[in-house]
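Undergrad: Here you go, one structure.
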């Protein structure tokens, strides 16, 4: 029986050409797998048809938007996941989802190989291959762009030679990866890190500096999961979609940064993630209200490590799994409403209310009704400052 | 000889009354010490005169703005110090400075006691007393507001009875603490955490939603210290002042949060810190460009702990000192220019350039000229993913 | 109805006297609660009888050894809990157990107060009161030794005056706290930290320097829980008992250290914990075999924090609960056998075997049969060392 | 001019053969560099002579024992560096030292390449190449054992064919790496992790189970550096040598563990490090006496990361440098005497004294003379337990 290779298929030039290229290179039949994570563009049937026309033995398409929202984006919100305190892991979150579908398809179609179109200097190759090593370690990886010279020029030549149904003439100056949690843009002039992005770079967000009316809404969270907007119960996918739309319309969620890639270099990245940034801001403030101090302090370190692991392609790893347990437990009481004003590129929390609140008006107020026993403070301070005080006395004696 | 008590004097009602109150309570002479950390308001001579008129045996005033900027605010910028990822430690930074002046004054004036006007449920009492325990542990603490019933009503009665030169009629609805690094506001209606702040609360920043022209500037850092704006060399105090003015004019730096106090309760706080927030944003991005990845990842944990220690009143502590060494070392190469656009409440970095940059165009570019050896990636990924892969094989075998 | 106070009762002089002392001080009826955590000594009926004879309205005794072993000691083993890398938290583990029984008894007997015999400079007062604050925050705390002058001399005088059935003549030079997980000793001459402990101090362990035959055994763990010794299935209590006996007979588990107390001072402590130390050593090595590297590295930080929280009296806290989830998840595969040789004060692991092992002979061996692909190493090293290399090139350029 | 390659030369079969092998493979002249880190064996002149007889164009030998002790072992003691809480980094510490000498020799001899005899599955290849990438990134690496098939059989055949002056007949069953800080042994039968080591494996330590008299000594530390034994001032090298001899004679410092290699696999390792383990135990206890609690708690995490970085080959990295600053600062007051009893495989601290001690008898004692103010405890506990208490009340309300 002919060997089979499962290809992560996007519908674009590179992976369309890869179908024939891999078939020639390996002698195997290609099963093209296209996953809709909310990247928009063509409908899945068109994509499927093109794969077949380009020579795929099978073409599998899947609408994974709900799965992506629920199983990947929501945990990121619960972990306030911001790589380097800024980037909400947009692409990094979608890779393990795609990997899972590739591994499933490989099992279903008895494939022995898996192929992707990543280059050799990005993070995504690691995320694909590390994920596959965990989920289906027997698969051999084929990476024609990185390992067998499938450059853009060769892809165009190949497409023309074989008469593939792809328009090779249109050339965007931008390299884009997008899904329902956000959008990443790279392009030549931004590789000079002194250059500012231009408005043309953005697609998910309006210009924040344009005057417009603010938009105010109330997000409801249940155990750290956003479950309603303005009282309307919504699925995770619906919440993210609506927040993208409304926060994007106010210019929220643009990020421009120099980033530490897993492969050892720094790169310039421009992102848009209106919904993600607004939801994380709301979630963080609800944590401030409902999570106890020591837990909150420790969780910052857990959140950071969670984000690094996902960025570093280790979604399917024992540490990620153990951190998930921590994050879920810490979100147990993160239930309540957060009022957010979206305006001028900012998502500003202006109110919070929660049955699980640890904010206690009677303890906090300076008005009458105060129940805090202030006489306790002296003793606290005395003991609290003792270790530093003893050390200070020692230092003075030594000096 | 009569005992002496050094009083942290603000010039306001509470501490003006405290002069006589403490004298009566302790039988000691009061030395009033007023420190200008950039809080504005009356000039120091007026404050000094009032202290004497209220009965102080001595009144010491000091302009500590340069010292505060250089020795307290700059280290906070180098540590990207944001308590709970938000609050740039405005009041927490000024307390150790004041403590240092109190301890010095106590030594100079042979005082055996020190007094402050803090209540028993805030952080500042801890910062004062823990700092004094470290710098001058022999001093006995007198805290009339917390420990001997000096309420506002009693203060007014006392002032009227003694004919003190204080206007007891003006009553702000706000409880405010401010200095050159920012401003904190508490007030009754904000104790309901569902209420949004009103414009009236703010003084350091214009309404960010008002349309206006953006302001663009270039901040130069040298080893993590901002040393110039738009090419003009400036002292730390001048940098912070100018950034406060320009970022404040664009509505930058407003913070509204529920916060974990050291004394065990959550409280609602509203802050303004235009310069601090803009400078930290610029500093973080220059770190992204000049600090190596592993160091940057570890530094996030150090920065968090640094901020917690300062918030928790442990400025003068052995751990703070050791973290300072780390932060200084990590800032060695944080030298270069950051272009910032201030507009609509946002301080957005749009460009960075540095002789010490670790961003390497030749390694990062996807254009011709790429020097990154992509053939190395396979080996990296193979070894990188091996531990999770072996664990995954074990899990599958066990399942 | 007369108020009731629940007293943590040990049967010794101080708490026996406390029954009458507290009754006089508060006018309340005393419910004495004695918990057997394996501290040995008198039987529970005798203890119960004495409480009644000393004036208790009720006396409750409970054999909590199984509960203590399963619910408190086992989690400590799973977290390799060693405060300051040395002390297996012997007393710190028993306090939350006692607190739980006190809170239950207070509810059952409608008590409004709770009493303990701790001094004001130790950790235990914090553990009692912080635990009670979490489990039964309405209870008022009565601490006669700390707060109302119940010194040892006064206790003897009180006992003699009231004719209490306690032998006040026997006076141990040692202050001892012990339970089934270990034993703590404090005494005057050890307060000089240059003095070495004498053999007389120890009771759970034989002199390790005496010549004797080694003892070898195999401990079986299931998900991090020791479940058998030499193939005999045992309850947690039985495992700890047997390990205490066998490791103690070989002089294992003596600890002599200067320790950071929660109340801000350093103290000299001598401990014996033969079973605890041997079981933790075995557990750690089984983790080395079965836990993936990144998880193992992160778990060290979690284990440290877990131990600090328990030491610091925060057993019943949100962070402890979230860390428990992490530790349990990390122990999922910690299943297998560890061979330990007990001899001369050492518990040495000499063999390990596990179905869940991540050690793979084929990957590790240098003999024929090696399946590790060594050609991957070059690429790994190239990428692994790149960030430090780029930083080094920058440093050289800058110098 | 002929190219030159600098070879890390040990004098053994593999690297002796490598001289000719590399010359043939690369056409370059070989400069053999042999560094004495205290590994014992032949004298440096003999090693040098053999390199020349095997065809080296130049042979450089250096006694680096003092340098190794002062610059590499001492920092490890200050960081209590124990990888996985056990292994004192013996080989990992010597590699950067050798790398430094190789890089220096390469510059002096105008070499363009550097060669080592490591395999492709160990840590040392990473340590060599990552170190060289930092110190001399222009050098090309040649690794004949890993990359061009120089197996042991081929090495023997090559040596016989070329008549090299090496005895190829003697074959140790053990693969050994040793230096003045310890010794590592790997061998076939230990690759079965259920097998116990046999006495024959060890060379630095006597059998701990043999009866003998204990040895007691006092180590003096100055700022974390051991500077004297029993009052005799010694250099770092002398201290380590004497401790190796005396602790080794008592069987101290044997380690048998399964270890996480950097290259992604677990391996079985047996180590001996008598001096290292005794000195670290003494240093840790002096830290317990002289380092303030918060600093000590944070330092555990720093120490762990320091050890991981060194194990992972990142000695010359920005994070290592910043951690060094922290560790040095934290050791500022680690000055004083520690009495250690060496016996039966154990190094037990029995006394400590220090001018910089933070242990305060007056605060710690339960005897008369106690200066601790116990009335402060109530207030401390009240505030300390408040966050968990409020959370507990919330949880009860929610349940």
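Just so you know, glycine gets a Cβ as well, placed from its N, Cα and C.
TrEMBL entries are annotated by machine, without manual review.
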Undergrad: Besides C:8, C:9, C:10, C:11, C:12, C:13, C:14, C:15, C:16, which of C:117, C:120, C:122 does TrEMBL list for that ATP site?
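TA: TrEMBL lists C:8, C:9, C:10, C:11, C:12, C:13, C:14, C:15, C:16 binding ATP, and from C:117, C:120, C:122 it also lists C:117.
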Undergrad: If TrEMBL gives C:123, C:127, C:175, C:259, C:271 as binding L-citrulline, which of C:72, C:87, C:359, C:361 does it give for that site as well?
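TA: Between C:72, C:87, C:359, C:361, TrEMBL records just one in the L-citrulline site with C:123, C:127, C:175, C:259, C:271, namely C:87.
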Undergrad: Secondary structure at residue C:127 (L-citrulline binding site) (DSSP, helix/strand/coil)?
TA: helix
Undergrad: Restricting to the domain 'Arginosuccinate synthase C-terminal' (C:174-390), what is the model's mean pLDDT?
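TA: Overall, the domain 'Arginosuccinate synthase C-terminal' (C:174-390) comes to a mean pLDDT of 95.
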Undergrad: Measuring CB to CB from residue C:8 (ATP binding site), give everything in the same chain under 8 Å that is also at least six residues away in sequence.
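TA: Non-local contacts for residue C:8 (ATP binding site): C:15, C:33, C:35, C:98, C:102, C:114, C:115, C:116, C:117, C:128.
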Undergrad: Taking the residues C:8, C:9, C:10, C:11, C:12, C:13, C:14, C:15, C:16, C:117 listed for ATP, what is the greatest CA to CA distance in Å, to the nearest whole number?
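TA: Comparing all Cα pairs, the maximum is 13 Å.
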Undergrad: C-alpha of residue C:12 (ATP binding site) to C-alpha of residue C:175 (L-citrulline binding site): distance in Å?
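TA: Rounded to the nearest whole number, the Cα-Cα distance is 12 Å.
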Undergrad: Any idea what the Cα distance is from residue C:16 (ATP binding site) over to residue C:124 (L-aspartate binding site), rounded to a whole Å?
TA: 18
Undergrad: Around the Cβ of residue C:127 (L-citrulline binding site), how many other Cβ atoms lie within 10 Å? Please give the count over every shown protein chain.
TA: 29
Undergrad: Between C:87, C:271, which of the binding-site residues has the fewest other CB atoms within 10 angstroms in the structure shown?
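TA: Each of the binding-site residues C:87, C:271 was scored; lowest Cβ tally within 10 Å is C:87.
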Undergrad: Around the L-aspartate site recorded as C:119, C:123, C:124, what other same-chain residues have a C-beta within 8 angstroms of the site's C-beta center?
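TA: Here the non-site neighbours turn out to be C:118, C:121, C:122, C:125, C:126, C:127, C:263.
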Undergrad: Compute the centroid of the Cβ atoms of C:8, C:9, C:10, C:11, C:12, C:13, C:14, C:15, C:16, C:117, then list the same-chain residues not in that set whose Cβ lies within 8 Å of it, in sequence order, for the ATP site.
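TA: Checked against the 8 Å cutoff, the neighbours are C:17, C:18.
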Undergrad: Looking only at C-alpha atoms, tell me how far residue C:271 (L-citrulline binding site) is from residue C:14 (ATP binding site), rounded to the nearest Å.
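TA: Rounded to the nearest whole number, the Cα-Cα distance is 23 Å.
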Undergrad: Measure between the Cα atoms of every pair in C:87, C:123, C:127, C:175, C:259, C:271, the residues the record assigns to L-citrulline, and report the largest value in Å, rounded to a whole number.
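TA: Max Cα-Cα spread across the L-citrulline binders: 19 Å.
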